[in-house]
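Undergrad: Following this message is one structure expressed as structure tokens.
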Amino acid sequence: MAFAIGGNDAANAWSSTVGSGAIPLRKALLIGGLGEWLGATLLGAGVSKTISKGISDVQDPNCWACGYCDSKMMIYAVGMMAALIGASAFLMLATISKLPVSTTHAIVGGVVGMTLYGAGGNCLTWGPWPKGLGAIIASWVISPLLSGVVCAIVYKCTDFGIIRAKQPVKRAIVALPFLYGITTFVVVALTVLKSNATKALDPGIMFGISLGFGSFVGVVVRVLVVPKVRADVDALYPGTRGVPRGGAFTAIESANAGTDGIRLAERTVAQLATVDEPAVEVSRELNEARQSEQRGGGNGEGAGNGEGAGDRESATQHAKTLATSSHHSGGIVRTHQEKASVHIFRNLLVFVAFLESFAHGANDTANATSAFSALLHAYDSGLYACSFIETEWWVMSLAGAFVALGVNVMGYRVIQTLGEDLTAIDFQVGFSIELATVLTVVLATCYGPGMPVSSTHCKVGAVVAVGLMTGTEAGVKWSLFGKIFFAWALTVPLAGGVAAILTAVFSSVLF
């Protein structure tokens, strides 16, 4: 189960990072696996998730009758093993098919199946909202819609506030420490809200911890990272930090005023020549136009016969076209300065992905260990294995290692689907997707306790929303989205069906 979680759910965090080209696939898988293992080992231990997953009441005398003389807890124990196998089988099938699905819903489906056989359909819990099977089914629609709205807000804020600002590169550099700080705050908040080791803390303490980490990271980035980012931008996109939006066009327009204007245009085009070969050709044309202007300026012949003026007009028209042209960045149309400002999001995107992996390891590795711990607890305690169980740190660490293995062996499949196939993604778009996904889960945790919001569903909703807003040529591949949604709908019945069959087989053989 842990291996299957790594191959599907855990790989989601790196889909935007790899799809945008921020980091190579192999490096992303290694870092992602490390983050999962660290999260599971350092913060995953403690009180496991409720062993029934909120699907049935183990202490109900008409169901599992835990603590009663006619207890069915031994059937429950083998049923949990069957649930693990059913969920794992479905996750492996989905991963092989490159379809991102919810591991939480898969294990829930397994528990549903074994409950149907072992205790009966009347023992399934459908509510009250926001718990039970009804909320799980509703979350197939609510999760992607909510995440899509949040992603649209994040994308528009970064797009209009940074990318489309008058001086986008300068604005991006100024905003960078705040973006790192906000991201850290949100991910740490998610971790302390859901982690077994910290979720019992007072809300004020949780907020203080999150704010402290976010502020610390923001200060470190301002002192250590921002100078390096400035140097990188100057090396890759020289001159873009000092050129306001539209400045190149204005400078080149002045070339028609004569030799001085041409020289100004030459300097402006030289700034643009770092990212496109056509700019080199424009520089050559402007140089020839200036020389022609100088030759004609001495006796008026060049200017009089129109040769110098014609060369100048041709060169400046070419330069204006270049200065205002757009270029594709990850399939998204960007101008030169926009590409430079988008580049600043690159390392931030990798940082977000690692934090997501850490938080996922701390929170969701329990999807594999909770059922296993329930099985061991039932074996040790028999009739009295009724409520909560302690998961030892070594169990979580071992499970985290298998999650990391799954990420590295099979994670590339789901990464390709979300990062490349569904829509076009660049660094800024990827950041919007990742932050929106985590923020949506945090909001659901704060304002809908117990609501089964899936990070996978949130990620898909964010990708689709941003694909609609960026207006890329390919847009959103709706056929692929349809397959993904269909897989979501099959999660509970397929995992549950396998679990029910295996529970019946195990029960007939063992009892």
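Every residue, even glycine, has its Cβ placed from backbone N, Cα and C.
According to TrEMBL, the protein has these features:
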COMPBIAS  282-293  compositional bias 'Basic and acidic residues'
COMPBIAS  295-308  compositional bias 'Gly residues'
COMPBIAS  316-328  compositional bias 'Polar residues'
REGION    280-330  region 'Disordered'
TRANSMEM  73-94  transmembrane segment
TRANSMEM  106-127  transmembrane segment
TRANSMEM  133-155  transmembrane segment
TRANSMEM  175-193  transmembrane segment
TRANSMEM  205-225  transmembrane segment
TRANSMEM  393-415  transmembrane segment
TRANSMEM  427-448  transmembrane segment
TRANSMEM  460-480  transmembrane segment
TRANSMEM  486-510  transmembrane segment
Undergrad: Is the transmembrane segment (205-225) packed against any residues at least 6 beyond its ends, judged by a Cβ distance under 8 Å, and which are they?
TA: 176-178, 180-186, 188-189, 192-193, 198, 347
Undergrad: Counting Cβ pairs under 8 Å that sit 6 or more residues apart, are there three or more between the transmembrane segment (175-193) and the transmembrane segment (106-127)?
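TA: The transmembrane segment (106-127) and the transmembrane segment (175-193): touching, no.
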Undergrad: Should the transmembrane segment (427-448) and the transmembrane segment (393-415) be scored as in contact, given a threshold of at least 3 Cβ pairs under 8 Å and pairs 6 or more apart?
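TA: By the criterion, they do not touch.
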Undergrad: With pairs closer than 6 in sequence left out, are the transmembrane segment (486-510) and the transmembrane segment (133-155) joined by 3 or more CB pairs under 8 Å?
TA: yes
Undergrad: Pairs 6 or more apart in sequence, C-beta under 8 angstroms, 3 or more of them: is that satisfied by the transmembrane segment (106-127) and the transmembrane segment (486-510)?
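TA: Yes, these stretches are in contact.
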Undergrad: Of the stretches 393-415, 460-480, 486-510, which racks up the most C-beta pairs under 8 Å with the transmembrane segment (73-94)?
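TA: The stretch I would name here is 486-510.
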Undergrad: So what's near the transmembrane segment (460-480) in sequence-distant terms, Cβ-Cβ under 8 Å and 6+ beyond its ends?
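TA: Long-range Cβ neighbours of the transmembrane segment (460-480): 15-16, 100, 143-152, 155-156, 331-333, 417-418, 421-425, 429, 432-433, 436-437, 440.
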Undergrad: Could you tell me what the rest of the chain brings near the transmembrane segment (486-510), counting residues at least six beyond its ends with Cβ under 8 Å?
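TA: Residues packing against the transmembrane segment (486-510) from afar: 75, 78-79, 81-83, 85-87, 89-90, 93-94, 97, 99, 101-102, 105-114, 116-118, 133, 136-137, 140, 457.
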